[in-house]
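Straight from Swiss-Prot, the features:
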CARBOHYD  N21  N-linked glycosylation site
CARBOHYD  N142  N-linked glycosylation site
CARBOHYD  N199  N-linked glycosylation site
CARBOHYD  N269  N-linked glycosylation site
CARBOHYD  N274  N-linked glycosylation site
CARBOHYD  N372  N-linked glycosylation site
TOPO_DOM  442-445  topological domain 'Cytoplasmic'
TRANSMEM  421-441  transmembrane segment
TRANSMEM  446-466  transmembrane segment
Amino acid sequence: MSMSITQPIKDLLSSQFQSYNISEQVKLYDIFPLLKPSCIKEAITDVVEVCTGYGPESLDPSIRAKAAVKLSLCEFEAVGLSIIPQGCYSNSIEEMMDCMLEIEHSSHWWTTYSGNYQRLSDVCSTYREYYQEKAIIETFLNITDFMADFHNQFKSSVVSETQEFQSNMKDKFAGVYNQFTHFESLLSQMIQKHSGIINDSIVAIKNKLSTEFVDELQMLKNDRYILINQILESDTEIKKTIDSMLVELTEDMKNQISAKSEFLINHMNITRLNESTALHDIIEENLQERFKDIAIFLDKFMVEIQTETNKVLLEVNEKLPTLEQQYLGNFAQALSNIDKQVLSASLQWQYDYDVVFANLYAALDLLNSNLNSSVKKIEQIEHVIDTIIVDTSFLNDQLANLILIPSTILRAFSFIGVKRVIIAIIVLYFKSTLLCLVHYGQSFRIAALLMSATAGIFCSKLLMSYIYN
């Protein structure tokens, strides 16, 4: 392709025109006018060869004179001058000198020669530029040929490399597809081989979880029953302790009254011996009245203490069953909710695992998503277990509140006077005894008895100080 474009131009530049027809030459001459053959071109051939290599300053005078003569002859031929010296057509130096002598005799000839001789410098510069352009054109044509060849080679190389790359990629993709198919087959075989083991493992896990849940619930129920029994035993023990305190307080008060009565009787006998009978009668009458008042007051005081104590015990006995039933009902409801959540979670977990292992045979890309779903369900079960733990702690708090209910009820009473103070002390003892029994169990009974004795002595002292004052 490139040779069909640039080769005629190269041949034309080297003056090889014989292999081309007239129309091609005319076409090329129209594109490059400087390539047209002429008399002037032939006359300055030697000058141009020197100029293109070294410039106008390097022209030899003989070459310059010879070229000026030839240019003059071209002008003479162009104007149709028939008388031209014959020596001017020769290339020898001697005949050329004869030509110049003949030209010198004619002013017209000499003027033409002199003008051509002087203009050779300009002609040399002009043709030097032309030949430089010619060299540039040749260089351009060479580069064009090189680029055309390079383009063709590059195109063929790219096509070949692309085809080879496509072929290699097809082979590689085919190998990857075969490996993937083989891997899928192995995975299916492995799933079929181990499906029984996996199902057995799932069943074992579900059974283990169910057993653990049942055991945990049973432990919670046992703890609940033990705590309720402890509360009931503590209630009974408190009642017995209060009754014992009342009996001891009554006996102590009777003993104090008897001692005081004996002291008064002795004092009255001594007074009768030392004073007059009338005065003794008055004193005896006053003492008897005072003694009756004290006895009446003590009887009323004991009745009031017994009445207030019975009221407190009745209120406690009335409220405790209601609160126990309420909190036990809440506890049973919470346990029922826990059972339902555990059962629901177990059924849901079993269903999800069945779905996962059923979908494993569908496609390999669904395996990852199904496993993620299973992980989420396990997290839900863990959340349910956490909820069970929270509910258990809530039940413990409710039971602790149940223990503190008697103290809360009794604290609401506001008594005024010595009798109320004594009952308040009994209430405080009731509270401390109940709490200690809950926290320390049966080992606290001895300490409770010691506390009851201390409380009885303190109440007796308060009562005696009230009587004497």
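A Cβ is built for glycine as well, from the same backbone N, Cα and C atoms used for every other residue.
Put simply, N199 (N-linked glycosylation site) is 81 Å from N142 (N-linked glycosylation site) when counted between their Cα atoms.
For N199 (N-linked glycosylation site), the count of additional Cβ atoms within 10 Å of its Cβ stands at 13 [all protein chains shown]. N142 (N-linked glycosylation site): 12 other CB atoms within 10 A of its CB, across all protein chains. Averaged across the topological domain 'Cytoplasmic' (442-445), the predicted model reaches a pLDDT of 46.
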